[in-house]
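J.: Can you read through this structure? Questions will come right after.
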Amino acid sequence: MFQTPSPSARLPSPSGSRNRSSFGSSFSFGPQQLVDLYLDANSSTASNPNSLALDPNRSVLPASPLRSSPRRPRRPKDSSIRHPHPLANDTTTDIFQDSDDDADDESEYEWGMVDRMRLWRHDALMQHLYETAAFWGDKILSWTNDPNDAFWLAQTYFMTHQYSRAERLLTRPFPTTPPDRPSTTPPLTNGHPPSAKGKGRETTQALVMPRLPMGPGGIIEVSEESQKNVSRLVDMSVACRYLAAQCQVRQGNWADATEMLGEANPFRNSGRSGPAIPNLDGGIKIEASMCHLRGILMQKLNKAAQAKQCFMEALALDVKCFDAFEQLISSEMMSPEEEWEFVQSLAYSSQTPQDASFVQLIYTARLRKYNHATEHALTRQRLVEEYGLGDNPDVLFSFADALYTSFRWADCFAITTRILGMVSIHNPTMPLHIACMYHLSHLHSKLFILAHEMVDREPENPLSWYAVGVWYLTNSKWPEARQYFSKTSLMDPRFGPAWIAFAHTFALEGEHDHAITAYSTSARMFSGSHLPLMFVGMENITLSNYGQADEALTAALSLCDGDPLLINEIGVMAFNRGDYTKAYGLFQQALDLAQVTQSSQKTWATTYLNLGTCLRKLKRYEEAQAAYQKVLDVEPRHPVALGFLGMVYHLCDSLDKAILKYHEALSVDQLNPHIMELLQLALDQTASAGLKLTEFKHVLRSLRDKYQRHSKKGKGKERAVELPTDIEMNIG
């Protein structure tokens with residue numbers, strides 16, 4: 001169940017605690033004024049035409065280009081008159097909501113020059129002609145001084161990466177009451193009033209307000225009389241405040257963006273916020289989007305715990321906010337079990353009653369696959385059979401992820417290849433695809449080609465350089481691989497595989513202390529992932545730091561108890577402590593969790609070796625022999641398995657078979673000192689057995705001689721029994 005952070009209602013704006021030289025003490029960019037206006041608007045008995053613009057439970061749908069001005073024209077009486085543009089056929093309201101009286105007058109209103117230019121602006125936005133939209137939008141704003149027109153001009157600036165310009169527009173003063181609806185023509189035509197149109201219709205000129213000042217002085221430069229009806233867009237609309245904060249984040253102004261959004265959700269304790277509050281227009285709540293942006297901002301400020309809470313709050317407020325879900329999952333902010341419980345507890349039914357089942361299934365398919373294998377399989381089955389998503393990249397990725405978790409590289413690669421055949425780049429799939437190519441040696445040449453293609457096609461994508469680093473890793477070029485993994489991390493600091501691979505380069509190079517440092521950094525950044533902690537434990541085992549290794553592995557187990565590789569490492573620690581029974585149980589558990597198949601047996605050869613060694617220590621030689629034989633069935637020239645199998649034969653007094661296996665092991669690993677010592681010991685035992693046989697032969701000869709003497713005395717020429725002098729003993 002999602003737990004909200006500690007209550008912090010009505011937090012004062014950070015600006016309130018410091019003096020400003022040119023602004024009044026009541027002037028602040030903090031969001032509290034917006035919350036107060038929202039509460040006042042809802043508690044007031046008087047109608048407030050802008051109250052809906054302050055509602056954080058609404059989306060930006062009413063402000064979308066399909067729903068804003070131009071207005072619906074009057075229905076023409078003559079069928080020969082040209083039909084209006086499709087973008088005009090929508091009756092929903094603007095981002096700054098019109099009153100009901102204005103809505104009633106829609107049918108009496110005709111298009112004019114301003115409305116036609118609004119149509120041009122919206123059509124240009126839809127066709128990505130942003131300069132065209134900005135050009136006509138600027139002229140519209142000069143005529144109308146309408147906050148709606150200012151908002152869409154700021155949107156146009158944002159789309160063209162003119163963030164400072166958009167922010168300035170959103171924070172300049174505007175009239176708090178909507179201006180009178182402009183006439184069908186601009187106020188003047190060549191210096192003369194426009195002529196009237198229609199029967200008895202009297203054309204009124206637009207109310208042309210002087211453009212209010214903008215700049216550091218802002219509202220201070222407005223006359224006292226005008227300040228009563230003047231405010232900034234960020235104080236009149238939640239959507240404008242959200243867009244202004246987006247501009248500040250894009251510019252890297254973290255402090256200003258924090259002040260604009262608030263360090264915590266200002267609407268949280270307003271009584272009109274929460275997962276149970278419905279979104280009336282069917283879109284995504286602005287409040288959820290603001291929480292997501294606040295989480296991004298906390299990440300930029302290296303506040304991981306606050307970022308996690310912001311993303312969880314955003315997703316709880318609106319389950320349709322996939323960006324928040326993606327941040328939680330891709331950044332591994334929660335443990336696998338925490339992910340599962342949180343995602344299953346979201347309010348799907350109350351927020352998306354018609355699509356609740358599908359949204360829950362598609363989110364569940366993206367979770368990590370260490371636990372709940374049956375539920376994951378059922379989820380994929382339903383997505384394929386009930387919703388027809390058998391060829392959807394995200395659903396196929398769920399299949400690939402399950403196979404990768406089971407170390408079935410070849411099967412996983414087949415599915416990732418299918419995904420990339422449909423889409424050139426699929427960000428969740430690419431790390432799996434590249435990792436499978438690393439593990440399957442016959443695909444290393446294809447990895448080289450893929451890395452070159454990705455760099456040529458998308459050099460700005462961190463995945464491209466990650467592929468280059470993995471290719472160098474396959475060729476044991478550790479410094480070069482480390483260089484490209486570092487570049488990947490600089491391009492995307494939240495890309496976990498690059499951090500892990502960066503640490504791997506030190507471990508493979510034998511720099512275990514540096515590897516531990518790199519893994520520890522990764523563990524701090526990805527607090528929900530058990531992998532960095534597990535690798536820290538493995539490195540400490542290599543360095544015989546068993547206390548630190550045990551601590552790291554225990555911490556990793558608390559995050560994930562379903563990874564067979566982690567269970568194997570804990571079994572190694574039990575073996576090192578001499579608890580062979582517990583170690584045997586852990587190794588067997590690891591193999592059971594792995595669900596070893598024919599395609600993944602080679603991956604688990606080490607665990608089978610560990611299992612056989614525990615059985616050998618427990619003097620269960622036949623079972624140990626079977627475990628070693630499984631390794632040799634997959635890899636017949638495995639030197640360690642050959643050596644250990646020779647030890648089992650040696651302990652069973654089958655010295656000839658032991659010597660044979662030792663020789664086979666040395667044919668693969670000629671200079672292995674342990675096997676050479678075992679072989680010498682077996683040969684010494686064979687020689688010792690030969691000396692005892694010589695003594696036995698001497699006894700036999702003396703008995704033969706004695707028998708021959710007795711025979712001569714008794715029976716004369718009777719032939720004596722001949723005993724063999726070269727008796728051979730089969731040590732088997």
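For all residues, glycine too, the Cβ spot is worked out from N, Cα and C.
Copied straight from TrEMBL:
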- 10-27: compositional bias 'Low complexity' (COMPBIAS)
- 41-51: compositional bias 'Polar residues' (COMPBIAS)
- 58-68: compositional bias 'Low complexity' (COMPBIAS)
- 97-107: compositional bias 'Acidic residues' (COMPBIAS)
- 175-185: compositional bias 'Pro residues' (COMPBIAS)
- 1-27: region 'Disordered' (REGION)
- 40-107: region 'Disordered' (REGION)
- 170-203: region 'Disordered' (REGION)
- 462-495: repeat 'TPR' (REPEAT)
- 564-597: repeat 'TPR' (REPEAT)
- 605-638: repeat 'TPR' (REPEAT)
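Tell me what's around each of these sites.
T.: The average pLDDT computed over the repeat 'TPR' (462-495) stands at 95.
When the repeat 'TPR' (605-638) is classified with DSSP, helix, strand and coil residues number 27 helix, 0 strand, 7 coil.
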J.: Taking DSSP states H, G and I as helix and E and B as strand, how many residues of the repeat 'TPR' (462-495) are helix, strand and coil?
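T.: Secondary-structure composition of the repeat 'TPR' (462-495): 27 helix, 0 strand, 7 coil.
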J.: Of the residues in the repeat 'TPR' (564-597), how many are helix, strand and coil by DSSP?
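T.: Per DSSP, the residues of the repeat 'TPR' (564-597) fall into 28 helix, 0 strand, 6 coil.
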